[in-house]
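All remarks here apply to the structure that follows.
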Amino acid sequence: MHLITPHGLICSFFFFSGAHTIGVSHCPSFSNRLYNCTGVGDQDPALNAQYAANLKANKCKTPTDNTTIVEMDPGSVRTFDLSYYTLLLKRRGLFESDAALTSSSTTLNYINQLLKGSLQNFYDEFGKSMEKMGRINVKTGSAGEIRKQCSVVNS
């Protein structure tokens, strides 16, 4: 199965986001979705309300909790599988970028196609996306930086 964008390219970012099936995050990386989505102390409506309530009660009790870790793919955090995409359909993606994958009919279609396919297909497509990302020229020296927090440019 090849998922093709309108320009004929395999949608690498879509498959690359599947890496969220393993690993953890700290609360400040996503706490705005729980506590201050639009700047008025609200919760992100794109996040499953029960999931958000569970995170607030049991994990990220404050928006600035720097010590608690949260699984990006609860239930299979150490398994490279398709459950991340299943959770996306339940609106349980931890990050805004996860939720964005279900806001487009194109990427939602990709998710549904992927879940109907084999795990091996996911592995193959993920591998292709990693190869493609590997062809991006890495900035070195003063042209680039190693970020202290990956989502924010160093100041």
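Note: Cβ is positioned from N, Cα and C throughout, glycine not excepted.
TrEMBL lists His20 with the feature heme b binding site. Annotation for His20 (heme b binding site): spatial neighbours Met72, Asp73, Tyr84, Gly93, Leu94, Phe95, Asp98, criterion Cβ-Cβ under 8 Å with sequence separation of six or more.
Taken from TrEMBL, the feature Ca(2+) binding site covers Thr21, Asp73, Asp81. Counting every protein chain shown, the Cβ of Asp81 (Ca(2+) binding site) has 17 other Cβ atoms within 10 Å.
The disulfide bond annotation in TrEMBL covers Cys27-Cys60.
What TrEMBL lists as domain 'Plant heme peroxidase family profile' is 16-154.
Residues or ranges marked as signal peptide in TrEMBL: 1-21.
Break the domain 'Plant heme peroxidase family profile' (16-154) down by DSSP state and the numbers are 67 helix, 8 strand, 64 coil.
Close to Thr21 (Ca(2+) binding site) in the fold, though at least 6 residues off in sequence, lie Met72, Asp73, Ser76, Thr79, Phe80, Asp81, Leu82, Ser83, Tyr84, each with a CB less than 8 Å from its CB. The Cβ of Cys27 (disulfide bond) lies under 8 Å from the Cβ of Lys59, Cys60, Thr62, Pro63, Thr64, Asp65, Asn66, Thr68, Val70, each of which sits 6+ residues away along the same chain.
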